[in-house]
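What follows is a set of notes on a single structure, which appears directly below.
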Amino acid sequence: VLSSADKNNVKACWGKIGSHAGEYGAEALERTFCSFPTTKTYFPHFDLSHGSAQVQAHGQKVADALTKAVAHINDLPNALSDLSDLHAYKLRVDPVNFKFLSHCLLVTLACHHPEEFTPAVHASLDKFFSAVSTVLTSKYR
C-alpha cells in the first residue's frame, strides 16, 4: 500500500521527469529487451534495435500510461482498467515481464536523476511500479 509519503515522492519524481518520460520509457524498454531477452517474444513485428522508432513509440505509450497512473494514484484500478484488459485478454503478457520492466524503469530513472533518487524515492517508486503491475495483472485470474 502506498503511503501518503510514497505518493508525494512518486508525484515529485514524475514531475521532474517531465518531457523526458517517453525517452526514459523507451530506454527502459531497451534495457528490458537486453537484460531479459524472452521479453522480445511479445514484439516479433518490432525493429528492436537501439533507437528504433517502434521502441520509441512504445516507450512513449509506457510513459503515458505511467503518467496517467501518477495522476490517478489514488484509483489505479479504474485508471488502468483498459490496459489491464488489453494485457490480460489480448496480449497475454506473462506477468513477470512487468517486474522486469519495473526494474529497468528504476535503473533508468536512477541513471538520469541520481541526486533525486534517494533511498526513500527509490522505495516509493518501487512500491508504485509494483502497484501498477498488480493492477495490470489483476484480470489474469
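Quick reminder: no glycine exception, Cβ is built from N, Cα and C everywhere.
Over in Swiss-Prot, the protein carries these features:
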BINDING   HIS58  O2 binding site
BINDING   HIS87  heme b binding site
DOMAIN    1-141  domain 'Globin'
MOD_RES   SER3  phosphoserine
MOD_RES   LYS7  N6-succinyllysine
MOD_RES   LYS11  N6-succinyllysine
MOD_RES   LYS16  N6-acetyllysine
MOD_RES   LYS16  N6-succinyllysine
MOD_RES   TYR24  phosphotyrosine
MOD_RES   SER35  phosphoserine
MOD_RES   LYS40  N6-succinyllysine
MOD_RES   SER49  phosphoserine
MOD_RES   SER102  phosphoserine
MOD_RES   THR108  phosphothreonine
MOD_RES   SER124  phosphoserine
MOD_RES   THR134  phosphothreonine
MOD_RES   THR137  phosphothreonine
MOD_RES   SER138  phosphoserine
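The structure, with features from Swiss-Prot marked on it.
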residue	record	DSSP (3 states)
LYS7	N6-succinyllysine	helix
LYS16	N6-acetyllysine	helix
TYR24	phosphotyrosine	helix
SER35	phosphoserine	helix
LYS40	N6-succinyllysine	helix
SER49	phosphoserine	coil
HIS87	heme b binding site	helix
SER124	phosphoserine	helix
THR137	phosphothreonine	helix
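Here THR108 (phosphothreonine) is compared against the recorded positions LYS16, LYS40, HIS58, and the shortest C-alpha distance is to LYS16. Rounded to a whole number, the C-alpha distance linking LYS40 (N6-succinyllysine) with SER3 (phosphoserine) is 34 angstrom. Here is what falls inside 10 Å of the CA of SER124 (phosphoserine) among the recorded positions SER3, LYS7, TYR24, HIS87, SER102: SER3, LYS7.
In the shown protein chains, 19 other C-beta atoms lie within 10 A of the C-beta of SER102 (phosphoserine).
Closest in space to the residue listed as 'heme b binding site', of the modified residues given as SER3, SER49, THR137, is THR137, taking the CA atom of each residue. Taken residue by residue with DSSP, THR108 (phosphothreonine) is part of a helix. Relative to LYS7 (N6-succinyllysine), the modified residues LYS16, SER49, THR134 all have Cα atoms farther than 10 Å away. Counting only the Cα atoms, the space from HIS58 (O2 binding site) to SER3 (phosphoserine) is about 30 angstrom. Neighbour counts were taken as the number of other C-beta atoms within 10 angstroms of each residue's C-beta; across the modified residues SER3, THR108, SER138, the minimum falls on SER3. Ranking the modified residues LYS11, LYS16, SER49, THR134, THR137 by the number of CB atoms within 10 A of their own CB puts THR137 at the top. Distance between Cα atoms for SER138 (phosphoserine) and SER3 (phosphoserine): 21 Å, as a whole number.
The candidate set comprises the modified residues SER35, SER124. Of these, SER124 has the most other Cβ atoms within 10 Å. Looking at SER35 (phosphoserine) and SER102 (phosphoserine), their Cα atoms lie 12 Å from each other.
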